[in-house]
């Protein structure tokens, strides 16, 4: 009888990618099939994220809901992976002794043998080491599930921003060999993928054997069948003139960039150890917009970082106006255990943080909607991905400006194809269009 695998994923696109590779790995090595129902699973995996507040509590709360399943089925294997697993290690079992396997982002390739060992020896298996880039050599070819795919090109981060746990949970930066990345994308393209998103915690810091991220972008663009290239997440320090020129030269690169700045106050940026000023950030954006005038920019913002004053927040709002950010992942600051910022006095009242966050997000939402309204009446090329989630009589796809477009059509053969649509209306979170081709 085929064994069943259930995976719950918290957090970023890197975690989504890692979870998809776990499915590939366990499907190949243990013939497991994915299920959406944890009650019928033989193996349950929780892929965790530790970026935001109360991440650990969220993990243990979820594990508690699965405890009864373990009691009913002692053969069930429960595993915890991701960044909380890296932080907590074997200590996870202090609060959840029914967990069988604990693994980090860099050791997910060892899951088959860890699961087997947990079953046969009835002893917990813990491996949260950082074995460089070994996991990519041990993973099977990725499954193709639709016209878009994620491709991890590097792992970890060496920037050590004072608020961030990534260097401690995913290790320092390690890039995959260029040939390996390209081989994976060729495989995807040969199996119908038309759009790839290159992933890394500091993706534009990619470097391997004399090749940098701009070289990688040009090489990916040369692969037959790849019509669109996205990438995330970038660091302003690594956003070089060569990358800007690549945006001007490579038609497959979308006109949308996620380049987190976190704050607009130089004093706060220094306290965060971002190693650039607001002016330096704006200078990079100006050069990019000179090369690609209609590109849209999104960011991350942390509101209420220790010591943030009203003046600091005003400077952040000025940066938002100056750049015209289209979208943001914005959060109230919360200390992450083990980071340098956790030792700073968190002296901004919670209510003030929430007020600032609301003001910031409202303005960015306004700017994003204004950008959407400017698209009304234009023709946009979209990659059709699926039926609309709200109306089965409509298809949907995404523009190169990262807008979801829903349009009336019931022809499933268009899924996976590029089509032109006329934009008829702008809604708060999507566009409405009419098929032209």
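We count from 1, first residue shown onward.
Keep in mind that glycine also has a Cβ here, set from the backbone N, Cα and C atoms.
Look at Swiss-Prot and you will find 12, 49, 83 tagged as [4Fe-4S] cluster 1 binding site, backed by sequence analysis. The annotation [4Fe-4S] cluster 2 binding site is assigned in Swiss-Prot to 157, 161, 164. If you look up Swiss-Prot, you'll see 3-120 marked as domain 'MTTase N-terminal'. What Swiss-Prot lists as domain 'Radical SAM core' is 143-370. The domain 'TRAM' annotation in Swiss-Prot covers 373-437.
Here the features listed in Swiss-Prot are painted onto the structure.
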| residue | record | Cβ contacts under 8 Å, 6 or more apart |
| --- | --- | --- |
| 12 | [4Fe-4S] cluster 1 binding site | 49, 51, 233 |
| 83 | [4Fe-4S] cluster 1 binding site | 11, 48, 49, 50, 51, 55, 105, 165, 166, 169, 170 |
| 157 | [4Fe-4S] cluster 2 binding site | 164, 166, 167, 170, 172, 173, 201, 202, 205 |
| 161 | [4Fe-4S] cluster 2 binding site | 262, 272, 273, 274 |
Exercise. Can you give the mean pLDDT for the domain 'MTTase N-terminal' (3-120), rounded to a whole number?
Worked result: 91
Exercise. Under DSSP, the domain 'MTTase N-terminal' (3-120) has how many residues in helix, strand and coil?
Worked result: 66 helix, 22 strand, 30 coil
Exercise. Hey, does DSSP put residue 161 ([4Fe-4S] cluster 2 binding site) in a helix, a strand, or just coil?
Worked result: coil
Exercise. What counts of helix, strand and coil residues does DSSP assign across the domain 'TRAM' (373-437)?
Worked result: 6 helix, 33 strand, 26 coil
For this session: Using the centroid of the Cβ atoms of 157, 161, 164 as reference, list every other same-chain residue with Cβ within 8 Å of it (recorded [4Fe-4S] cluster 2 site), in sequence order.
Result: 159, 160, 163, 165, 166, 167, 201
Problem set entry | Residues within 8 Å of the 12, 49, 83 Cβ centre (excluding the [4Fe-4S] cluster 1 site residues themselves) | 10, 11, 14, 15, 48, 50, 51, 55, 82, 169
